[in-house]
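S.K.: Before anything else, here's the structure in question.
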Amino acid sequence: MRSLHSTSRGANPHNLRFCHSSHSPSPKSLFLLLLPRTQFPSHQNLSSQTNSRKSSSSFSSGSVITASMAVSSPATGTQTGAERFSVLFVCLGNICRSPAAEGVFRDLVKKRGLDSKFQIDSAGTINYHEGNQADPRMRAASKKRGIEITSVSRPIRPSDFRDFDVKLMCSFCKRHDETEVPDPYYGGPQGFEQVLDLLEDACESLLDTIVAENKHVFDS
């Protein structure tokens, strides 16, 4: 199983590709987000397993966000009070990859009848596209696969650090060797198909791992 994102220097960071890279990447375009771990043993296991699988490929110059796995107690459902495992997918503008990852993951969760166990969302590190729907090309490509992307772009909020247990673009991949999810924004239709191929693969593995590592939540 190969990670989709390479690591950089530091304590177990995750290298997350931006949606919508800059034409002229520079060190100033880097966004460093370090998310502390907290005491939640099963999530700690997930984090260590993820890092042990990561490749040693080089850090991209510019279009990256680096983050460690953020973990906390599961979010509490306001209606039922039941524990829910929260996942937030993050990229730069929240119009290409992170909303696609959210849509793919939601579809998988729904098919397995686990809707009540998850809180799923996506966000961007900037507010440039705030209030906009996902890129129409990504929505069209997803719809052909029976996946609806209905989220609206929003920037990441301080409360996300409290409300979400895991913050990542995409973690594992079983059927592909890529070490990062390529940015489809400036390319043709095939680029969006490739992103969806990777996300479907990785999100399936991510869901399997979350369920396996958090049986106390999913068996309740």
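Each residue, glycine too, has its Cβ placed from N, Cα and C.
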S.K.: With TrEMBL as the source, identify the stretch among 1-21, 127-147 annotated region 'Disordered'.
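M.R.: Checking TrEMBL against the ranges 1-21, 127-147, the region 'Disordered' one is 1-21.
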S.K.: Which residue, of the active-site residues CYS91, ARG97, ASP183, has its CB surrounded by the fewest other CB atoms within 10 A?
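M.R.: Output over active-site residues CYS91, ARG97, ASP183: least Cβ neighbours within 10 Å is ASP183.
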S.K.: So, in DSSP terms, is ARG97 (active site) helix, strand, or coil?
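M.R.: Reduced to three states, the DSSP call for ARG97 (active site) is helix.
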